[in-house]
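Below is one structure, written out as structure tokens; comments come after it.
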Amino acid sequence: MFDAQKCLCLSIEKGGYLIGYFNCLASIILIFLIIFNFGNDFFALICSLIGAVIYFISSYFLITGIKSRSHIYVQPFRFLCFIGFIAITFVIVFSIIQLKDDDNETIKFYHVILEIIALIVETYILIIVASLHKRFKSEMFGARSGYVLSY
């Protein structure tokens, strides 16, 4: 796995804070949007609300883990990033399969491009969070190995 030393020309910790606070804010906005959306199916509403709350909690743990330099608190957000990476990859594969149908009007070429951009961003976030996890774990246990990728 890659090991990043910087995030967006900032230290990796500040980049992690940026990712954590942005995702906390996005989760709060999403929670309010879900609560005030009464037109949807109740079961879908509850499932979406639970997912947004889990994402908020994992983002809060990311921030707490960076403050305390604890790899254990960074792990939940790392796990969600990995799940997001897999989900976006599946969406891209199935979108490309659907794009081959000439009659399909729902999937356009620009949808696939946007999904590829989302995959690139998710990969970058995954590398940053995994690097934070690895750094904090090596600080705790004194072990260091792997490749170094500087940005």
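Placed from the backbone N, Cα and C atoms, the Cβ positions cover glycine too.
Not measured: the values here are computed from a predicted model.
Summarising the annotation, TrEMBL assigns transmembrane segment to 16-36 (among others).
Marked as transmembrane segment by TrEMBL: 42-65 (among others). Same-chain residues lying 6 or more positions outside the transmembrane segment (42-65) and placing a CB less than 8 Å from one of its CB atoms are 16-17, 19-21, 23-24, 27-28, 30-31, 34-35, 71-77, 79-80, 129, 132, 136.
The transmembrane segment feature in TrEMBL is assigned to 77-97 (among others). Same-chain residues lying 6 or more positions outside the transmembrane segment (77-97) and placing a CB less than 8 Å from one of its CB atoms are 20, 23, 54-55, 58-59, 61-62, 65, 107, 111-112, 115-116, 118-119, 122-123, 125-126, 129-130, 133.
The transmembrane segment feature in TrEMBL is assigned to 109-132 (among others).
Note on the transmembrane segment (109-132): residues 1-5, 7, 12-13, 15-16, 19, 62, 65-66, 71, 74, 77-78, 81-82, 84-85, 88-89, 91-92, 95-96, 99, 149 of its chain, located 6 or more positions outside it, place their CB under 8 angstroms from a CB of the stretch.
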